[in-house]
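First up is the structure itself, then whatever we jot down about it.
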Amino acid sequence: MFVSNALVGLREGLEAALVVVILLAFLTKTQRTWGIRWVWAGVGTAVALSVALGALLTYGTRQLSFEAQEVVGGTASIVAVAFVTVMVFWMKSAARSISGELKGKLDRALDLGPLAVALVGFLGVGREGLETAIFFYATAQAAGSGNNLPLLGWAVGIVGAVVLGWLMYKGALKINLAKFFRWTGIALVVVAAGILAYGIHDLQEARVLPGLNTLAFDVSHIIDPGSWYAALLKGILNFTPQTTVLQAVAWVAYVGVVMTLFLRPAPPTVAAPAERPDAAHETATA
Amino acid sequence: MRTLSTVLLAAAASFALTGCGKDEGTVTDGAASGADTTVTVTSTDDACTLSATSATPGSVAFTVTNEGGQVTEFYLYRGEDIVGEVEDIGPGLTRTLTVDDLAAGTYTSACKPGMSGDGIRADFTVG
């Protein structure tokens, strides 16, 4: 009773944390510390909104239809993928500008402002937040009827996800700068492809997209969906033992296109224009 | 800061608007208030017991309690289509699937302890 609920908390916590962890590591590593509070602003808004909406749906008279819940989760995931994709190329351009800086040039052609950074934090957490909040209230209700184990399990799972996220953050900071962009970029592409597949599955369940029962593969007899490793695979890569053809095609296409573009060697750097004022200040006062 | 809050507010509003739907298949937790019929479902690791296998057309609330050791899910199918589902029912938890405006016909209920396979299925008749 404790372990199973802990694994649900761990899985959902990781699903929410990964994009945020990579974004924070990137901002810290490239001394874009202005962005960190914006990430937390987005994360905080997503958490507050999820907790409030979850309470409304649990204790109020307003109810969220099954299809609406899947459409919200699915759409938010796909929008998150769009922003994360921009982030991938932001990393690529940052890598170029770092090597450019070494040669005395500054290239800030592609730089995200505070708003975009906050939105990535918001969507990264928000797409999973409502589901997690509703689960939390279910464990709270069990605790209200005298069974504390599900709530304790869930809390331990969430704390576990936060600790794992923190370790990943610390680990990423230790990577040397030259390899940092390459590895975090590759990780981000794989994570984003998983989020895309997740969003598609939600939309298939809501019958917005067809093919829910057309499976590409089913390895649920090998990978037990209730196991700890399945929780990690789903939490980190969004891997589901039962994957539909549409999910598989979208995953392969996304990785194929975005990974190729990301790893393609950059064309020779054009001489950058004279140094501009910090883009952060520009956008913040806009 | 002002632009940010505007956008986040807009995002919040759109979440709320999409959320408060009127259509069928509602996932709620806790007390199933207002449904025409309430069906109590007990899911264990090898059984799926419904307090009733039929209902009159209208809204039906399935209150699913997981008395097994694995995480379970509850589905209501019509043919291959999912009419409603509630996932991640951890051991010891009770979660409710409310389906509004359930039309007459034959449906299939299913508990999926362990979250895999076809689940423990049974006919559910509305009429």
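Quick reminder: no glycine exception, Cβ is built from N, Cα and C everywhere.
Residues or ranges marked as transmembrane segment by TrEMBL: A:6-26, A:38-59, A:71-91, A:112-139, A:151-169, A:181-200, A:245-263.
Counting C-beta pairs under 8 angstroms (sequence separation of 6 or more), the transmembrane segment (A:112-139) fails to reach the transmembrane segment (A:245-263), with fewer than 3 such pairs. Looking at A:6-26, A:71-91, A:245-263, the range that has the most CB pairs within less than 8 A of the transmembrane segment (A:151-169) turns out to be A:6-26. The listed stretches are A:38-59, A:71-91, A:181-200, A:245-263; of these, A:181-200 has the most Cβ pairs under 8 Å to the transmembrane segment (A:6-26).
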